[in-house]
Amino acid sequence: MKMTGWKKKLCRGHHLWALGCYSLLAVVALRLSLRLKCDVDSLDLESRDFQSQRCRDVLYKNLKLPAKRSINCSGITRGDQEAVVQALLDNLEVKKKRLPFTDTYYLNITRDCEQFKAQRKFIQFPLSKEELDFPIAYSMVVHEKIENFERLLRAVYAPQNIYCVHVDVKSPETFKEAVKAIISCFPNVFMASKLVPVVYASWSRVQADLNCMEDLLQSSVPWKYLLNTCGTDFPIKTNAEMVLALKMLNGKNSMESEIPSEYKKNRWKYRYEVTDRLYLTSKMKDPPPDNLPMFTGNAYFVASRAFVQHVLENPKSQRLIEWVKDTYSPDEHLWATLQRAPWMPGSVPYHPKYHISDMTAIARLVKWQGHEGDVSMGAPYAPCSGIHQRAICIYGAGDLHWILQNHHLLANKFDPRVDDNVLQCLEEYLRHKAIYGTEL
């Protein structure tokens, strides 16, 4: 008996409906399968699934940090002048209108830590076994601008690393509370156990790092190297690139260490006293202990764990530390001198062949106003595209291509109130490279 027409249509309709349901279920199953393959909590970091393009796409979709507005970050990082000019013009229009994230914003958003970490897109899992097996320690000294601190922390954060944060005792209470609120969301980020009031160019800047050194050595995290940062620093390498660079040091340290000029020698010729600021006295200092020749550098270092241990425990190191406490800007000659001391692990000899400039060391990339100029005429770098503070460039978008060509781990100075576009593009660049291993 033949099936009537309406029955045929009904069967065909049921068939199409079922086929549609099965297709929908297949799509859902495929998406779920992709998500499960990228479940970093249960996935082998060396597995093909984790390293696959599909998995990386899923990760990047959830963790990307695209620049706001319509600036061309890919072009800016490649040095495309049209993209750079557009970003600089855009910055002139928006920087006066831009409202930075406030202490109150962070106090509110961190009430729910999981929401905070997800919304601010912190990477909460190791991206490779190499990174997992090579934890890095950070000493982060801050005193203002909570947004700068949070963005720096997000940029250098990895769950296998360990972070000590020193907040200036003189900082506003709301700032200190906001820092505490942020770090309370991470098991591997903590406040230094001893906080000091930090006075510019005085011993207290070194003491802040020493306090973090003591705390970090007490940590159960088997970190290999210590990097120190301030609030205007930002990384220019991914965590994976940092691990590779630190492994290549093979136990050596990396920091500026050069023969001081006569001008710099005056910094330790007379004693300085501290009240609300640093004052020069007429009291002459004795020569450095242990007939140690003095060297000069900057406040930043890439130091091995063994070096840090000897800073705190070696009697000769302790004598030098006591001696520099009443000098001007001791952070700019203490580390540089210890780096040349023969008893310090990872140090290099006194000989002039081992002098290390800030451009040779990997600790920090800085543009000094006095050295800017025409590169074709021998200047080390082109003029700053941002502004200057204490003769140091606060970077603009026009500096980013040059920045990324250098081998340093971090650069200084950045400030979103001066140029947020350069920071946004650097964030986008680093996040893309962290996930994919390639540039924008």
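For all residues, glycine too, the Cβ spot is worked out from N, Cα and C.
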In Swiss-Prot, the N-linked glycosylation site annotation, restricted to Asn72, Asn108, falls on Asn108
Cys393 (disulfide bond), DSSP three-state class -> strand
Comparing local Cβ density (other Cβ atoms within 10 Å) for the disulfide-bonded residues Cys384, Cys393 points to Cys393
One should report the C-alpha separation between Cys164 (disulfide bond) and Cys212 (disulfide bond), rounded to whole angstrom, as 6
By Cα geometry, the one of the recorded positions (Cys73, Asn108, Cys185, Cys212, Cys393) nearest Cys384 (disulfide bond) is Cys393
Here the disulfide-bonded residues are Cys185, Cys212, Cys230, and the Cα closest to that of Cys425 (disulfide bond) is found at Cys230
Nearest by Cα to Cys230 (disulfide bond), of the recorded positions Asn108, Cys185, Cys393, is Cys393
Cys185 (disulfide bond), Cβ-centred 10 Å count of other Cβ atoms over all protein chains shown, is 17
